[in-house]
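Remarks on the structure that follows.
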Protein chains: 2
Amino acid sequence: MSTEIQNELEKMRVKIIANLDEQKAHDFRIAFLDLHVYEQAQIFADLNVAQRARVYRYLTPDEVGEIFNVSEEEPALLAGYFEEMTPRYAAQVINSMYTDNAVDILAFAKKKNLAKYLKLIPSEDASEIREMLHYEDKTAGAIMSTEYVDIVGNQTVRSAMHIIKSEALEAETIYYIYVIDDEEKLVGVLTLRDLLTNDDDIMISDIMNTPVMSVQVTEDQEEVAQTIKDYNFLALPVTDYDDKLIGIINVDDIIDVIDEESTEDFSGLAGVDTEQGTDNPFMNAWTRFRSSALPLFLGFITILLVEHYENLINKATILAVFISMITGAAGNAGTQSLAVAVKRIANNDDQETSWFSTILNETLTGVIVGFCSGLIIWGIVGVWKANFVLGFVIGVAMLCAITFANLVGCVIPMLMDKVNLNPSIASGPFISTLSDVTSLLIYFSFASMFLKFFIGQ
Amino acid sequence: MSTEIQNELEKMRVKIIANLDEQKAHDFRIAFLDLHVYEQAQIFADLNVAQRARVYRYLTPDEVGEIFNVSEEEPALLAGYFEEMTPRYAAQVINSMYTDNAVDILAFAKKKNLAKYLKLIPSEDASEIREMLHYEDKTAGAIMSTEYVDIVGNQTVRSAMHIIKSEALEAETIYYIYVIDDEEKLVGVLTLRDLLTNDDDIMISDIMNTPVMSVQVTEDQEEVAQTIKDYNFLALPVTDYDDKLIGIINVDDIIDVIDEESTEDFSGLAGVDTEQGTDNPFMNAWTRFRSSALPLFLGFITILLVEHYENLINKATILAVFISMITGAAGNAGTQSLAVAVKRIANNDDQETSWFSTILNETLTGVIVGFCSGLIIWGIVGVWKANFVLGFVIGVAMLCAITFANLVGCVIPMLMDKVNLNPSIASGPFISTLSDVTSLLIYFSFASMFLKFFIGQ
């Protein structure tokens, strides 16, 4: 966004905080409510307890609800803010929010507070919230919104437009209108564009689109994201087990899902949660240490392994020289095939290609990369050390190590996926340490086999 | 999406291909046009030349244009399809497409063909295409669409609604309406919802929202994506150097951008393009080999380094035992801080925190993680080998190696960002190989310093 606007915002921000501290309720309302709600949320996030207390006095529950709807603060934090309000005010805020957003926050509210709020909310909305609180995390049900427009088919465009206008302020989106039958089953969908481009007297049932693409309430959010991406929908309806329409998922919720999922894959590959990054090095150190602890101890296996061959190294210390190169190459190969596998699973490409062909493909890839790398090493070491046997040993070890690493890198995440574990937690560090062990095992067993051919040269 | 629908689609698909092969033009049209355009595009993507030739005969240019609008095939491929059509037909297809999509494809068309098509397109649209072909890749201009609704402010909601209805079929979105002054400068924005919820006689200028959040045509697409994500917009207007409205960017284009950017970061971390994955192992091997070639040769530096210390290893082969553990730990630390840095840069978080504090934070994190790891190693090696000096050497080497790797992992991508290189190309393999070299250097220089204290024990 342009810098003028940014400076503009900064000025407003300062002015607003000042108004708040000087308790100028009126000036505060004027300036604050003039901002885009996302900017309001940004300012709100920087306030202290005392300032927030004033905001609750100066703004209506609906105005605060708007802010909570778009706030990017941790849900747990926002749940804490509810406790700063009177239960009645909090209940009004909750009631004015879109159900999906409210539920995200209430999931972190203390049981007794939650009960208090729900008692103060119209029973119908309260039971809706209770219901949604039970949907499993990362399913369509957990991210869907219940503020949508549904109409019956046997009416004209004109009457439909009336309904839409009347519900326009409540609904989270009015650009898709869903048509249901008398059993609330989803039977068709219209865009607002369809309504505007058709005559007022045409029947909805004649112009609605069928069949409607929809997702089950228990569907994984990643599937939902994929469908919305593929079809360029602005929203997707959610149905329960007997095809009743119970909610919609909007594209802006899906953008968050896409972000979330890709960050998950990315973090998994590095073996560190890249979103947890704080300014507190001790916190950071702890999250990183946790994820490097397992590789560290796996590392001891490598140590025992190499120690087992200490004698061999004693005879030909030159072998030690190539340890890091072999483990390095294997580690990189492993991480690469891990990355490819994780992405393939995320994109659901594995539905098209069979398990077997994927593994075969990865193995072949490994063999080819390994062969080329091995050949280069063989040549260089052979010439450099005037010892082509040694070069051969290292080259072949390289070939096997890379091939195996490729295999591990793709098989492990696929296995995890089959048993419904998130493949992205097969972290890079884990894979590369695993490749270390195997590659060294291969390397040294080869070396000991051929020892007599190059030792002492 | 539910399996019934999928099976349904599969049946339709078979039937449609059959109709095509049996040259049943009419049946083909009925069945094919009944599908969602995304499904049409999927089927079209599987056709061979002969079948496509028929499609061009059976479908109107507009119908084919719809398919090209949503097709996920490579633009270069689609450009090739144009050559299968008569220039006139191709020109009509192009003209019926949304300009941004058409331009993406035409960027791959042969110069002489491009000229041919543009000559057959209404001059106004043609010059628009020519213009957009010049916008730099990955800028707002390159992804913007020119089919939007703009109106003047001094008219009523009623007359505005008339304009919108008349443009509804042409525009890519009608849900945001942009208000311009007589110099075509962007002065306000309305949602269709605003129009529907206001009286027909109210003046647009009274209800339009100002100031309008907009982006410059030269803005980086990542910035655009961030703004749309933050504000939950469905579209964002694009203005030229003197604030004239020249296009809009829709949320569905932004979703593709978000995917693209996150895949880039992910691929960079693994040092392999995860999107290039084909079923041809030779192709895969080549892309992977390219990216592991640099680390491979960097590896030789490590070799020369270790060789330099071969004597040392000769005296105390035990040192060789811990090589892989030290390089492994350093490599993981490097990759982790690389991942964090890349994400931080991608999220533009570095605007808030200063360069210095980021580096300081990473270093401290490294020291803490390194100290804990080092302490553990010291204890274990000390007890296990009854040699706490050796343990100390390895432990301290570990501490330094991890700290340094953390530093490298965050500084390099930050430097690349400062010189406007994409930080995600500071690939993991590169960083981890770099950590290998440094960590071993540290390790062995320490070892040689303390050698006399533990040798021969």
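Just so you know, glycine gets a Cβ as well, placed from its N, Cα and C.
Given the structure is predicted, the values throughout are model-derived calculations rather than measurements.
Look at TrEMBL and you will find A:144-207 (among others) tagged as domain 'CBS'.
What TrEMBL records for A:208-264 (among others) is domain 'CBS'. Helix, strand and coil content of the domain 'CBS' (A:208-264), in residues and according to DSSP, is 25 helix, 16 strand, 16 coil.
Look at TrEMBL and you will find A:289-306 (among others) tagged as transmembrane segment.
Under the heading transmembrane segment, TrEMBL lists A:318-339 (among others).
Residues annotated as transmembrane segment in TrEMBL: A:359-381 (among others).
According to TrEMBL, the feature transmembrane segment maps to A:388-416 (among others).
Taken from TrEMBL, the feature transmembrane segment covers A:436-455 (among others). Taking Cβ pairs closer than 8 Å, the transmembrane segment (A:436-455) reaches residues 298-299, 301-302, 305-306, 308-309, 312, 315-316, 319, 322-323, 326-327, 329-331, 387, 389-390, 392-394, 396-397, 400-401, 404-405, 408 in its own chain, all 6 or more past its ends.
Of the candidate ranges A:289-306, A:359-381, A:388-416, A:388-416 has the most C-beta pairs within less than 8 angstroms of the transmembrane segment (A:318-339). Within the same chain, residues 322, 325, 329, 333, 337, 340-341, 353, 387-388, 390-392, 394-407, 409-411, 414 sit at least 6 positions outside the transmembrane segment (A:359-381) and bring their C-beta atoms closer than 8 Å to a C-beta of that stretch.
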